[in-house]
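J.: Take a look at what TrEMBL says about it:
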type: BINDING; residues: 10-15, D35, R40, 88-92, 129-130, E163, 274-277, R344; note: NAD(+) binding site
type: BINDING; residues: 159-163, 218-222, R258, 265-271, 336-337, R431; note: substrate binding site
type: ACT_SITE; residues: C274; note: active site, nucleophile
type: DOMAIN; residues: 330-436; note: domain 'UDP-glucose/GDP-mannose dehydrogenase C-terminal'
Amino acid sequence: MTTKKILCIGAGYVGGPTMAVIADRCPQYQITVVDLNEKRIAAWNSDELPIYEPGLEEVVARCRNRNLFYSTDIPKGIREADIIFVSVNTPTKTFGCGAGRAADLQYLEKTARAIVEYADEGKIVVEKSTLPVRTAQAMSRILHSNPKGLKFQIISNPEFLAEGTAINDLENPDRVLIGGMETPEGQRAIEEVVAIYANWVPRERIITTNLWSSELTKLVSNALLAQRVSSVNSISALCEKTEANINEVTAAAGRDSRIGAKFLKASIGFGGSCFKKDILNLVYLCGYYGLPEVAEYWEQVVRMNDYQARRFVGNMLAAMFNTVADKKIAILGFAFKANTGDTRESPAIAVCCQLLEEHARLRIHDPKALGNARLDLEDAEGDISYCEDPYDAVKGAHAIALLTEWDSFRKLDFRRIYDLMEKPAFLFDGRNLLDHRKLYEIGFNVYPIGQKALTHF
Ligand SMILES: NC(=O)c1ccc[n+]([C@@H]2O[C@H](COP(=O)([O-])OP(=O)(O)OC[C@H]3O[C@@H](n4cnc5c(N)ncnc54)[C@H](O)[C@@H]3O)[C@@H](O)[C@H]2O)c1
């Protein structure tokens with residue numbers, strides 16, 4: 001089979017950047033990205049891309065209308081493609097059986113049914129979305145229920161990119177994982193997908209496995225990463241009680257090569273569309289397979305994350321004389337992490353909602369996420385303003401809550417900020433981003449995570 005035409009169904013945070021990099025690195029393939037969302041496709045075809053990701057604009061500019069196309073014509077895309085990547089969203093179910101834990105696979109199933117309807121020859125279908133282990137089995141049943149007798153090969157190729165560094169992660173991945181059936185046809189399909197990545201990824205970084213290992217590895221990878229964050233955050237609470245310093249503890253512990261230094265930063269907690277939903281999915285699967293102890297073990301990672309955001313607001317209240325009612329709080333950063341405008345499951349949402357419940361007045365600034373912040377807090381009641389300029393946000397504020405680790409926050413003029421604020425001025429650094437000693441010397445009362453507060457009282 002000559003595989004020259006690739007289709008990606010789903011033009012989101014994964015489908016968009018992934019296909020842009022494949023198009024860039026594989027000029028011999030023609031790539032079309034389709035989506036039901038017309039606005040999103042129009043944005044991919046415009047100068048204002050629908051998502052912010054460092055380096056993405058340049059890659060798209062190089063490939064668009066050369067070998068990279070964005071379209072809403074899903075039937076045509078399916079008919080013409082040799083390989084179809086499925087990159088639709090798989091959120092947590094909000095209704096019915098498994099609500100709050102299981103993955104909602106309705107978008108995936110609709111995609112499979114569209115493939116059955118429009119395909120007039122067999123194809124390789126690649127699961128790019130994150131899915132519960134054994135989804136490929138259901139996918140295969142749907143695809144093979146076609147009356148045309150077409151044969152499909154299903155491949156699992158989960159995506160490990162992190163938002164904010166997506167282009168670099170795609171261009172220099174630690175590994176690419178490709179799982180397929182252990183049949184000769186399955187192995188041939190694996191090789192077709194390996195051949196795409198082999199255009200720029202060293203062969204030893206392309207791992208091939210059976211389908212189920214590949215599906216499960218994605219959930220396990222996110223669970224292990226989130227577990228590190230929750231582990232460190234749990235210890236940050238203990239540090240605050242004992243005058244141990246979380247930065248010193250993690251720096252020293254991380255020097256052990258068995259532990260490693262990465263992903264050991266204390267914060268208000270993890271966010272993003274994936275960690276929580278993927279762990280809950282794992283929890284659901286463990287319950288489904290009759291492993292309640294395993295389910296409970298992993299669920300605690302999510303509980304600890306919720307606790308950390310609540311604890312942060314609790315610390316704010318305790319420091320500010322047990323009330324924030326009617327006080328202006330400047331929120332610096334709303335995105336779930338730096339270098340993205342994505343706010344899905346951002347801990348900033350929980351922090352802001354809790355502060356609003358306490359009747360605080362919020363002045364929110366974020367370099368890229370104000371539009372999404374507005375949508376997230378649309379139904380929240382209270383006094384909220386959105387400020388393009390960080391200095392507007394802090395004017396007359398009693399406190400600053402820094403919630404996203406944007407590098408630009410380090411460069412703010414904190415002497416000017418101090419002068420603009422009510423006194424005593426409080427600063428709660430939810431990312432341990434700033435120079436706390438310097439801030440204290442300016443006059444702030446500084447509350448980092450997992451470290452002794454620096455106060456003038
Ligand atoms: N965001 C991340 O950092 C990340 C990283 C790795 C893996 N993933 C996984 O990748 C998948 C996609 O995530 P995302 O963040 O790109 O989601 P997203 O919501 O940004 O994009 C999904 C897109 O699929 C489209 N879609 C849904 N059903 C469709 C259909 N039937 N036909 C055509 N288009 C359809 C939606 O309109 C949407 O634009 C999820 O399973 C997620 O867990 C995400």
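From the backbone N, Cα and C atoms, a Cβ is placed for every residue, glycine too.
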J.: Among the binding-site residues listed here, Y13, F336, which has the most company in the form of other Cβ atoms within 10 Å of its Cβ?
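T.: Of the binding-site residues Y13, F336, the highest Cβ count within 10 Å belongs to F336.
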J.: Please name the residue among the binding-site residues A162, L219 whose C-beta has the most neighbouring C-beta atoms within 10 angstroms.
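T.: Answer by Cβ density within 10 Å: L219.
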J.: For E159 (substrate binding site), which residues in the same chain are close in space, meaning a Cβ under 8 Å from its Cβ, but six or more apart along the sequence?
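T.: Looking at Cβ-Cβ distances below 8 Å from E159 (substrate binding site), excluding near sequence neighbours, one finds V14, T18, S87, K128, T130, K218.
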J.: Restricting to the binding-site residues N222, A266, G269, F336, which ones have a CA within 10 Å of the CA of K276 (NAD(+) binding site)?
T.: N222
J.: Would you mind splitting the domain 'UDP-glucose/GDP-mannose dehydrogenase C-terminal' (330-436) into helix, strand and coil residue counts from DSSP?
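T.: Counting residues by DSSP class gives 36 helix, 19 strand, 52 coil.
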J.: Which of these recorded positions (T92, E163, C274, K276) have a C-beta closer than 6 Å to some atom of ligand 1?
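T.: Cβ under 6 Å from ligand 1: E163, C274.
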J.: Within its own chain, what residues at least 6 apart in sequence put their Cβ under 8 Å from the Cβ of G10 (NAD(+) binding site), listed in sequence order?
T.: V33, D35, V86, S87, V88, N89, Y107, T111, K128, S129
J.: Going along the chain, which residues six or more apart from T92 (NAD(+) binding site) have their CB under 8 A from its CB?
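T.: The answer is G100, R101, A102, A103, D104, K276, K277, L280, N281.
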J.: Compute the average pLDDT of the predicted model within the domain 'UDP-glucose/GDP-mannose dehydrogenase C-terminal' (330-436).
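T.: Taking every residue of the domain 'UDP-glucose/GDP-mannose dehydrogenase C-terminal' (330-436) together, the mean pLDDT is 98.
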